[in-house]
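What TrEMBL records for this protein:
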COMPBIAS  1-12  compositional bias 'Polar residues'
COMPBIAS  157-169  compositional bias 'Low complexity'
DOMAIN    23-150  domain 'ALOG'
REGION    1-27  region 'Disordered'
REGION    141-169  region 'Disordered'
Amino acid sequence: MSTANSDSSGNSVARDGGGRPSRYESQKRRDWNTFRQYLRNHRPPLELSRCSGAHVFEFLRYLDQFGKTKVHTAGCPFFGHPQPPAPCTCPLRQAWGSLDALVGRLRAAFEEDGGQPEVNPFAARAVRLYLREVRDSQAKARGIAYEKRRKRPPPSQQGSSPQAPVPAAATAAPLIGHGRSAADFIASGAYPHRLHGHPMLPPWIPAETMRR
């Protein structure tokens, strides 16, 4: 049997329900222990019950010193270049995807450790805004777009849609009233009334005309 948790974006993350902890569960425990150690080393030491989104923000900034993702500054000649041709002195940071997954694991660990969902600091608005800022800034620095691309319609659907073909029987109908045939009135929508799925003709159009 398996259960599921979520990352900071609400995506489900499966875990095994067997006797041996899954890779996700093991990583979540390590992350939780690291965060608790960070709170103990905080000056002054910080209790978990008093932890807020601002403290989570500080923790994520603290982790940047261990990052391995090159993030170019605005003054770097390689700013916005997805694959720089040469090294530069820009700092290393935690990648946005790694931080997003980390926050998701810590959010789950907080509630599993007895925390209430309504006071979960990892679900705070300040944390979501920080993750969004990191995502956008790293996208600009590396020339990567994170926006969802809209699916293009098939070539057959591009441009104006073709008009529905007019039945052959309708084209052969004689002109009736005002110089127009019954089929013309129906095809043009001038008389669109229907009853049980069948078109209703004006009283001056004989029904046998449409049966020809």
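In case you wondered, yes, glycine gets a Cβ from its N, Cα and C as well.
Unlike curated entries, TrEMBL annotations are predicted automatically.
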What are the helix, strand and coil residue counts for the domain 'ALOG' (23-150) according to DSSP?
77 helix, 4 strand, 47 coil
Per-region confidence, the domain 'ALOG' (23-150) (mean pLDDT, whole number):
90
